[in-house]
Every structure is written in structure tokens, then in C-alpha cells.
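Q: Pulled these features from TrEMBL for this protein:
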- Glu266: active site, proton donor (ACT_SITE)
- Glu464: active site, proton acceptor (ACT_SITE)
- Asp134, His174, Asp182, Lys379, His384, Thr426, Asn465, Ala466, Arg498: substrate binding site (BINDING)
Amino acid sequence: MSLNLAHQTGAAAAVAPAAPRTAVVAAAAGTVSAPAVAPAAAPSLQLQTQTVDPAAPAQGPDLPMAFQALVESLPEEQHPDVGGEERRKVGVPVYVMMPLDTVRKDGNGLNRRKAVEASLKALKSAGAEGIMVDVWWGIAECEGPGRYNFTGYMELMEMAKKNGLKVQAVMSFHQCGGNVGDSVTIPLPKWVLEEMDKDQDLAYTDRSGRRNYEYLSLGADAMPVLKGRTPVQCYGDFMRAFRDHFAAFMGNTIVEIQVGMGPAGELRYPSYPESNGTWRFPGIGEFQCYDRYMLSSLKAAAEAVGKPEWGNAGPGDSGGYNDWPEDSPFFRREGGWNTPYGEFFMSWYSQMLLEHGERILSAASGVYTGTPGVKISVKVAGIHWHYGTRSHAAELTAGYYNTRHHDGYQPIARMLARHGAVLNFTCVEMRNHEQPQDAQCRPEELVQQVAAAARESGVGLAGENALPRYDETAHDQIVTTAAEKAEEERMVAFTYLRMGPDLFQPDNWRRFAAFVKRMTESGVRDVCREQVEREAQGVAHATGSLVHEAAVALSN
């Protein structure tokens, strides 16, 4: 799936547009009380665990040779659980992201099928719980409204089930391409793009009029602009079709549905697009509120607070994509962000994003409630650059109203809690000292703040690494953050980015096997590092031929 962090170093029924919320009015009036900022002390991570009518609303540790013999003696469809079921209950299960182009663009099969088969067998042998895969809207509903093709995905689900692996399926309603790590391009369905060509205000738009085709503007969520359906109805119909098509896999093989809510699948605005060199790290990004649907909402919100002059546009002094906070009057230390107007605008802008999440989660809950064994999750971006400043400019442009005086992640966590959804967050592998200090990067504090919001809201927290990392330093940070907490405060899951030739290089694979064992073991603190390394070496030896096959096939 698309990366959920940009960094170069380390309800489906149509409804009328929502009226401005009381929170917006109160913010403009200066009556909103400032939530407490993230505590300085690091809190423990809270962990808890077909065509559809579009018009229709053990462990003693196994010795390597014994393990190999056991694998060879089993029927093909059976697989030993290297981790052990009891241990899994108290450990952190590890999933691995599949390549972005796992399924062919025509949807009819898998790319590099032999590589996928070998990879899944190797992952199972290393003790991985399962895989994560993007179910691309632009592939599965490409040909026309309500014409779904899940053939390639069915092949993958059957392969995962055969290898004893679970699946996190991502409902990817965004374009692949334009974000860090996007090695292929998969646009939105062509019939959606046709409608966007007719009405370009369906695309997110910045102050200069540049359109972004990564994801439909949330301003049009409730408008019947897609051949008679609203975008939210389209998302709901797609999720329903997926559920029905894979009914036999739901709850046993498919255990999580991650619902895409924006660019890179994240609940955010496309404020830092990399395509065509528009944005470069660590730029502050730009507000994305200049399509007519967003502007109409802004105008109504401003009139509701008796300040119609605030409704014509976003902040005119907020700078450009590649500026730094102090370059712009709006984001500088005592800038416009900390004025009544700034509080009004940021309250409106962030509230629009929250309401977007609420609408899509309502649709998802309507589809998957009553499906035992399936969790819903939402991905939140780890925007750690300029976190050490007062304004948190890069978070603000992305829609996270998180400043020195305002907690932007509690409202998101509470929204997820209302729907029983898991909060999936990134940056878990990052350490402050690895990042550019002049950009005030604070990934560790950001993870702590989000963990605190999840804990307070009773939301399960899942993690990912933001960038491909195969080194022990990154692994140590993940284990420290996720697995070495008290047993009652454990991550619900960790997803490792990403399967590819690099993962299957011998040294990387050995380190990965050791990492999985440390994550999935109970009593992690008591596990002897040397013992883990010995057992990982055994796994690496036992799976050598599979890993070599996967590495070669993925490289071609």
C-alpha cells in the first residue's frame, strides 16, 4: 500500500451538506477551551485488542532440521504455527505489506505468481501472522459503476489461506502514484476520472488552482456526482461487494478491513504531494480547500459565526508547499494560526476531515458489523516534521489541528472509538536523532501523543514503519515501542513495510526472522538475544531456497 509518511531520510446514503458544527462556531467566538497538550512523559501504547446494483441503497523452540522435516512431512495445505497460538495471544502479531502491484492492472490474476507463492511460504516459516494488500478501486471497479472484478484478489486470498496466513485488506480508494514509495501508477477508476474531467472541482485544489487527482475531494462526499451515486455510496457499495465476494474468507483468512480515507489511504488532505516535484521534505505543504464544494462549506461556516469575510478563501499568508513555518506569517511562532480567524479556519478545516471519516466509517460499519472476526481500521499519517514548533504547520495543512495549544489526535481517536475501529499509525521505527534537527522532527513524541489519545479513547492501536528499514536499530525501536510494554497495553498488530527483493536478501531476512520472534514472543524482556539470533539463523537456513526464489522472482 502507499506509504503513510512522506520523508526522505529514515452511512452510505446521500445526505445534505452538514451545517457548520457548534465546535466551529465556538472556536470562532474564542470559547473553545484548549485541550491539554501531549504529556512529556512517554505513555505506554494502548492496545486492545460479484456484481452489486449501484443504484441499491509450541513451543519448545523447534530445531531448524526438525522444523524443516516437519514442513516437508505435512500435506501442502497444513502449516506449523512457528510462534505458537498461546504465545500469539500475548505477543504482537506481525503482518507484511505486499507489493503495490501484487494484482495485475486488469484484475484477472497476480503479477509474479511464483514469487508470491514462495514469499508467502517464507513469511509463514518466519512466524509472520499474515499479509496486508491494497484492494485498488482503480483495478477492481475499473470498467464501470458496479462492475467488480476481484479475480486476482481471490487468487491471493486462496494462496494466503493455503499457507495459513491472515490478511489485512485495504480498501484503497486513492490513486497509487504521487507519494513516497509509489513505484507503480494505478489511477482511480476511469469512469470516475471521466466525471472529474467534466467537473474538476471534484479534485482537491490548492490556492493556485492546482488540481490533485489522488482522491476525490471530501467536499463532494454527499453529492450524487458519480453517475447518480455519491462518493460515499460508491465506497459503501465497493465494500459490500468485497464482503459478499469473499464471504467464505471473512473472519478466518480476512481479519481486518482498513478503510482508505484519503491520499495514500490515510485520513488527511493531500497537502504534501510529491508528484511533479510539487512538494519536498520538509516543506509545510498547502491547504487543500479551494474546490467549489469546500469553499461553499467554508462560506456557510463563516456566515454562521457572523464573519462572512472569513469565508472567501483559506489563509492568504500561509506560504507555499516547500516553505518552512517561519517563512509564513500564518505559521510563524506567533502567527495567524493563533488568532480568532486562525482558530476558526483550522476548526472548520479539521472538522470537515473528521466528518469525512465519520461518513465513511458509518458506511463501513453498516457493511461489516455482524461479520465475526473482522476488525475495521483507519490509517492516520505520521507527520513528524516541524512537530517541535508551536504551530505544527505540516500537520495543520494535512487537516490535523494539532498545535502547542490544541490536541489534534484526540478527536480522531474518539471518532474511531464510536465505530470500534483500530487506529493505525506510523513512525514507530523512527528516533528523533535520526531526523534533521533543523526541521524540528519529533517522531517519538508524536507516537507518544497518538498513543495517549488512543488510550484515553479506548481505541486499539496498530503500528507500521514509515520507511523500508531492515536494520537492527529500527527493529529495536519498534520492539521497544510496541512489544516491551506491560501485557495489558500491547499493540493489536504491527505491519512491516514491505515485501520485496530487499527483504529477502540473506542478512535482511535473518534480521527480519529475529524481529518477528521478538515481537511475537511473550515475556520479550526475558528472551535471550543470542537465542533469538540462533533460532533466526535456523529459520534463514531452513527457508534459504524459498527466499532465494522469492528474491530472484521479485527482482524480475
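Positions of Cβ are set from backbone N, Cα and C atoms, glycine also.
A description of the local structural setting of each listed feature is requested, covering burial, neighbours and distances.
A: Glu266 (active site, proton donor) is surrounded by 28 other CB atoms, counting those within 10 A of its CB over all protein chains shown.
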Q: Which whole-number value in Å describes the distance between the Cα atoms of His384 (substrate binding site) and Glu266 (active site, proton donor)?
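A: Cα of His384 (substrate binding site) to Cα of Glu266 (active site, proton donor) measures 15 Å after rounding.
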Q: So what sits near Asn465 (substrate binding site) in its own chain, CB-to-CB under 8 Å and at least six residues off in sequence?
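A: For Asn465 (substrate binding site), the qualifying residues are Thr426, Val428, Glu429, Ala474, Ile478, Tyr496, Leu497.
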Q: Distance check, please: Cα of Asp134 (substrate binding site) against Cα of Glu464 (active site, proton acceptor), rounded to an integer number of angstrom.
A: 15
